[in-house]
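Trainee: Among the features that Swiss-Prot reports, transmembrane segment is placed at 4-24, 30-50, 65-85, 94-110, 114-134, 154-174, 176-196. Per Swiss-Prot, topological domain 'Cytoplasmic' is recorded for 25-29, 86-93, 135-153, 197-221. Positions annotated as topological domain 'Extracellular' by Swiss-Prot, on the basis of a curator's inference: 51-64. The S-palmitoyl cysteine feature in Swiss-Prot is assigned to Cys217, Cys218; the stated evidence is a curator's inference.
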Amino acid sequence: MGTVVAKLLLPTLSSLAFLPTVSIATKRRFYMEAMVYLFTMFFVAFSHACDGPGLSVLCFMRRDILEYFSIYGTALSMWVSLMALADFDEPQRSTFTMLGVLTIAVRTFHDRWGYGVYSGPIGTATLIIAVKWLKKMKEKKGLYPDKSIYTQQIGPGLCFGALALMLRFFFEEWDYTYVHSFYHCALAMSFVLLLPKVNKKAGNAGAPAKLTFSTLCCTCV
């Protein structure tokens, strides 16, 4: 019986894989991204908890609303991670971020279970990044960004992201509990790898202000 209960709770517990992602994003001064990851983890955890045995008391919202925000948060996390990788200056950064916030909300409401809810943001972000980087390469007549970014950050990050989506859409029927839990872990790892080592746009006038985990929680709530 204990094994059955543990198996049912595993998707909920595996959503905690986003906690290190939140912590790392905060340390790298990607505060907005950290709040999005925390938002995603919160709704993913409660969405799965509502399916758990005897945990219906945790369903503080309707099941479909929890599902909506868990999927919306996941897609938005992909978008903000890729926009952080693009390293835009203002006002492009806030403009593209808000573009994702609005369009992903509409797309998720229209069809939250299709491939498009994830492929749309990923494809659009990839196109935007490609245009910017190709322009940079043309200006400097060389590779942009550095080769190490491709080998240590982009390559591994995209591999884990591709693995996560493959698990999500093609292998969950094998064993939903374990496959979906690995999906959470692969997705969280992808976000960590894609985030730059430091947010250059956060300012460098002295030491950055401390943003605690409790502050992030209060902001999201």
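Keep in mind that glycine also has a Cβ here, set from the backbone N, Cα and C atoms.
Thinking about packing and proximity, how do these listed features fit into the structure?
Mentor: The DSSP breakdown of the topological domain 'Cytoplasmic' (25-29) into helical (H, G, I), extended (E, B) and coil residues amounts to 3 helix, 0 strand, 2 coil.
When pLDDT is averaged over the topological domain 'Cytoplasmic' (86-93), the result is 91.
Remote same-chain partners of the transmembrane segment (114-134), defined as residues 6 or more beyond its termini with a Cβ less than 8 Å from a stretch Cβ, comprise 71, 74-76, 78-79, 82-83, 85-86, 88, 96, 100, 103-104, 107-108, 144-145, 161, 165, 169.
Remote same-chain partners of the topological domain 'Cytoplasmic' (135-153), defined as residues 6 or more beyond its termini with a Cβ less than 8 Å from a stretch Cβ, comprise 85, 193-194, 196.
If one looks beyond the transmembrane segment (176-196) by at least 6 residues along the same chain, the residues whose Cβ comes under 8 Å of a Cβ in the stretch are 7-8, 10-11, 13-15, 17-18, 20-21, 24-25, 28, 30, 33, 37, 44, 74, 77-78, 81-82, 84-85, 87, 153-154, 156-158, 160-161, 163-164, 167-168.
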Trainee: State the residues, same chain only, that lie 6 or more residues beyond the ends of the transmembrane segment (154-174) and have a CB under 8 A from a CB inside it; answer 'none' if no residue qualifies.
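Mentor: Distant Cβ neighbours of the transmembrane segment (154-174) are 78, 85, 115, 118, 122, 180, 182-183, 186-187, 189-194.
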Trainee: Do any residues, 6 or more residues outside the transmembrane segment (94-110), come within under 8 Å Cβ-to-Cβ of it, and if so which ones?
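Mentor: Cβ under 8 Å, 6 or more out: 32, 68, 71-72, 75-76, 79-80, 83, 86, 88, 116-117, 120-121, 124-125, 128.
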Trainee: Helix, strand, coil: count each for the residues of the topological domain 'Cytoplasmic' (135-153), based on DSSP.
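Mentor: Summed over the topological domain 'Cytoplasmic' (135-153), the classes give 13 helix, 0 strand, 6 coil.
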